[in-house]
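Here the structure is laid out as structure tokens; the discussion comes afterwards.
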Amino acid sequence: MRKTFLAGNWKMHYTSTEASIVAKKIATEVKTLKDDFVIMITPPFTALSKVSECIKGSNILLGAQNMSYMESGARTSEISPSMLLEFGVEYVILGHSECRLYLGETDEIINKKILTGLKHPFKYLILCVGETLNERDSEKTLDVVLNQVKKGLDGVSESDIKRIILAYEPIWAIGTGKTATKEEAEEVHKAIRLEIMKLYSKSVSDNVIIQYGGSVNSSNVKELMNEPDIDGALIGGASLKAESFLSIINNVL
């Protein structure tokens, strides 16, 4: 049975002090978890240190929103794997649509980040994939998404794929209030799982975690999680307040 992964992506919100207050509220409330349930939060880089202290010893994992594919060097504004590990980061989001759009990250760059991350002891790397509204309207969703999956996982071995979480985030649903219907989301998740089977094996595809991201909230999370190929959620705005994030968690538990 696959685990359920709920990850809160705080993007460029909160100072370190603000983030630590929210993190502490979440960690305090989430006292017990089933073995098949994982909760993660990803504050801004500047808040990693304080948040790490706030959730130490709790059931909450600490994540980062991005990472360089270089170990060190002349990369102004970037952050290396070892820098993240120093703060206790256990997973990293890679290939988020906002990084693809605003930072010009290509499938090739994202693949380099995946391969670099696998050389370090992160528990999980989350590979984000998704299509634009124009691509969906042109019936190119599966072509676009599966191509991103293949390019993102290029060179990833079968032994390493167990540390990869895939996150389907339709770009047209991120921060817009629009959400893919459970049927639309399940169709893409099922296609991703079948693609993983082609690339690796049925055993791998049966066990790979695939999250959904795109205006997830307490009202729609339950029906999304009830779909057979949706194993969790990558949550943006609804994870920024402890109350709304906890409501999502309680609706899934």
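In case you wondered, yes, glycine gets a Cβ from its N, Cα and C as well.
The record from Swiss-Prot ties ASN9, TRP10, LYS11, GLY175, GLY236, GLY237 to substrate, and of the options SER157, SER201, SER215, SER218 it ties SER215 to that site too. Scoring each of the binding-site residues (ASN9, SER215) by how many neighbouring Cβ atoms lie within 10 Å, the top position goes to ASN9.
Each residue contributes its Cα atom, and for TRP10 (substrate binding site) and HIS96 (active site, electrophile) those atoms are 13 Å apart. Ranking the binding-site residues GLY175, GLY236 by how many other Cβ atoms lie within 10 angstroms of each Cβ puts GLY175 at the bottom.
Mapped onto three states, the DSSP output places SER215 (substrate binding site) in coil. Sequence-distant neighbours of GLU169 (active site, proton acceptor) (same chain, 6+ apart, CB under 8 A from its CB) are HIS96, SER97, CYS128, VAL129, GLY130, TYR212, GLY213, GLY214, LEU234.
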